[in-house]
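S.K.: Just dropping this structure here.
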């Protein structure tokens, strides 16, 4: 097995000297056999194999956790933490656990928060952080450090890191923790490449933040389980509204620009949903096997229906002006139109056309900002702690340009570039999507359309 396994190697800093891990003297730890991770400890990317296919590759990643020897002298470490992009439950927990972990596990005393995302590196004063300051941050939604989209100026960011490293500006950064989504991770790759090109001894690590759960390779992103839990409240409210009306439809739009994981998992958890629309599965409105025909039958049979749609679903069907086709947000993404508003209007037009004198109600609920802004639940809080501590152990060991995350339940270090390039999309050929259709009884729109 070892001979056939390809291990994804990690970049590491070369200009530092090994030293004993201070966890040896930490009163809260009693390192014993197996406590420290060795270079031969790996996590397989797959745990299910077809034994009849000998050609299947075995890919593995270095296992996350404390190493017996580290490369940084804790008293000389000056760490920077930055949050970028949109809000997500658990952001403050990650910040808190990075600060407390650095302070309590390794004795680091100089830890700084970079305000307002990437632009904060070169345009704002850093905030000095300590365990007392961040003590209750995990109970708050959002990010106390503040965040923003855009503002990525590679030269200015790395210049600031380099200048501060020579004590010429505000702070001396030799470790940078970057918390953000796929766009942020692509930016982190560029920062890592430029830092490497300049031969700076700066450790760069990314902690993937996306409520949509669209980061590839890892099992899930933090905040996702909280988002699914909160989505239940919106779906329950839509169900009550629909059930309380004559020919009532409850329409809920959930987050998911390019992937429908929140909509899918919320649908499976709720069992009140009659149709789930996601970006990975096309749909159509009119004609045999279309959405309108399906909803008409559901209303005839049950008197109400609940429709859940991910924000990225059906975007190609919404009429756009030429200027709207070109519009981009600060991260360079196409600005989406509100699929919920469009669907609500389309549903009303259809009913007025087909059933002009019959009662009909559509109640539209968009809980997007409510879900993004809440604190993490207990499961995500624990997950954020493990992510933060895994990142700390990795950087202290001298690794750089990596992301920490669980793969098949075991925490591993993954090259930053690999994570930035990989998407976690809903596999509509997977049994889980078939489960959604069996729960909702919705049509297979793509098969119907092709047929």
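Backbone N, Cα and C define each Cβ position, glycine as well.
Sharing the record's features from TrEMBL:
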ACT_SITE  212  active site, proton acceptor
BINDING   86, 149, 150, 181, 182, 183, 184  ATP binding site
BINDING   182  Mg(2+) binding site
BINDING   210, 211, 212, 255, 256, 257, 311, 369, 370, 371, 372  substrate binding site
DOMAIN    79-392  domain 'Phosphofructokinase'
SITE      183  site 'Important for substrate specificity'
S.K.: What whole-number Å value do you get for the CA-CA distance of residue 184 (ATP binding site) and residue 256 (substrate binding site)?
M.R.: 17
S.K.: Under 8 Å Cβ-Cβ from residue 86 (ATP binding site), six or more apart in the same chain: what's there?
M.R.: 147, 149, 181, 211, 372
S.K.: Of the binding-site residues listed here (150, 182, 183, 256, 370), which is spatially closest to residue 212 (active site, proton acceptor) when Cα positions are compared?
M.R.: 256
S.K.: List the Cα distance (Å, whole number) between residue 150 (ATP binding site) and residue 210 (substrate binding site).
M.R.: 16
S.K.: Measuring Cα to Cα, how far is residue 370 (substrate binding site) from residue 182 (ATP binding site) in Å?
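M.R.: Counting only the Cα atoms, the answer is 22 Å.
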S.K.: Which ones, of the binding-site residues 210, 256, 311, have a Cα no more than 10 Å from the Cα of residue 182 (ATP binding site)?
M.R.: 210
S.K.: In Å, how long is the longest CA to CA span across 86, 149, 150, 181, 182, 183, 184, which the record gives as the ATP binders?
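M.R.: If we measure all Cα pairs in 86, 149, 150, 181, 182, 183, 184, the largest is 13 Å.
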S.K.: Which residues, sitting 6 or more apart from residue 256 (substrate binding site) on the same chain, put a CB under 8 Å from its CB?
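M.R.: Residues satisfying the criterion: 212, 214, 262, 263, 278, 279, 310, 311, 312, 313.
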S.K.: Compute the C-alpha separation of residue 183 (ATP binding site) from residue 210 (substrate binding site), stating it in Å without decimals.
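M.R.: With the alpha carbons as reference points, the distance is 10 Å.
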S.K.: Over the domain 'Phosphofructokinase' (79-392), what is the model's mean pLDDT?
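M.R.: Looking only at the domain 'Phosphofructokinase' (79-392), pLDDT averages out to 91.
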S.K.: Taking the residues the record says bind substrate (210, 211, 212, 255, 256, 257, 311, 369, 370, 371, 372), how far apart in Å are the two Cα atoms that sit farthest from each other?
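M.R.: Between the most distant Cα atoms of the substrate site, 17 Å.
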